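**Q** Heads up, here are the entries from TrEMBL:
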COMPBIAS  29-44  compositional bias 'Low complexity'
DOMAIN    93-234  domain 'N-acetylmuramoyl-L-alanine amidase'
REGION    29-50  region 'Disordered'
Amino acid sequence: MRKTLYIIGLSTFVFSCTSQQNVKKNTYKPKTPVVQPKPVAKTQTSEAPKPKITNEHGVEFFTTNIADATKNDNTASYGSIVSAKPAGYKVVKTYFPAVAQNFRQRYLILHYTALPDDKSITVLTQQAVSAHYLVNNTGDNEIYQLVDENKRAYHAGVSSWRSDKNLNDTSIGIEIVNAGFPNGTGTRVFAPFSDDQVRKVAALAKDIITRYQIPATNVLAHADIAPARKQDPGPMFPWKKLYDEYQIGMWYDQTTKQDYFDLAQEDFAVKYSDPSFIFGIQTALQKFGYGVEPSGKWDDATKKTIEAFQYHFRPQNYDGIMDAETWAILQALNVKYSVK
Ligand SMILES: [Zn+2]
């Protein structure tokens, strides 16, 4: 009830501000003093639930949600509250917390380092690349944090997903120690992830996704957001296991996939080279989220995008060639995770 009153109070306050602006725009009254919406402001102050702030070792933390966490709108801060300290003035945090705010952390991006443990640490801490977390492969119970979650780590590079670009701005990056494809000539042979690493990644991902309300559609591979340049974490990363056992990320429904597969198989070979069919597949990849431009041709960018898609959703065969099964999976995913 208190929350409802507060939101009504806030809406009135916003409305008042807007009305006042309109009056100021349309009517020129130089000597009329501006009437401040004091009663509304007072109501807001008295009715609003003040977020609880705790202080540990001189650092303040918000501890209370005041809005709808399912919409990623809340004021809970999982790091310290960073505030200005203007000389001679007091910054007050408890009177006017806005409902209209959300987390900057909207994506979770997974990587492999393609390096052993010690080199992974050196490169990710001493060079121009980084990630928020590094999952080692030493069998212990530690996960290394390299970058504050509130700051940008340099892990995604030039990247895109749906309408978002440069995902370093909006993502948390997890690097996993893994050799990648060490025998990188001809067909790529990727190194497996240990069970122990997968459990660590799952626990870490679950924690991050839950705190920031990151949707399943935004839990992605580096290859998904930069298919022309990247393969990681590659086809050995067990996305299906993460989905099945931890409810992390996206996976298709088997029956929907089978329906599309039965349909696709009928004349897939006949349509394969038809520009309008290729265009349709490229459009479906784009709709799902990939930054591919529909051209009506099986161009290199499309091949790389299909490869990235197969690493993630059809890892048994990742040749970058669209086939009936890959096409069926893509359509099943688009049905399940369509853009609202
Ligand atoms: Zn990467």
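Backbone N, Cα and C atoms are what each Cβ position is placed from, and that goes for glycine too.
What TrEMBL says about a protein is an automatic prediction, not a curated fact.
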**Q** Do you know the DSSP helix, strand and coil residue counts for the domain 'N-acetylmuramoyl-L-alanine amidase' (93-234)?
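**A** Tallied per class, the domain 'N-acetylmuramoyl-L-alanine amidase' (93-234) gives 38 helix, 24 strand, 80 coil.
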**Q** Give the mean pLDDT for the domain 'N-acetylmuramoyl-L-alanine amidase' (93-234) on the 0 to 100 scale.
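**A** Result for the domain 'N-acetylmuramoyl-L-alanine amidase' (93-234): average pLDDT 92.
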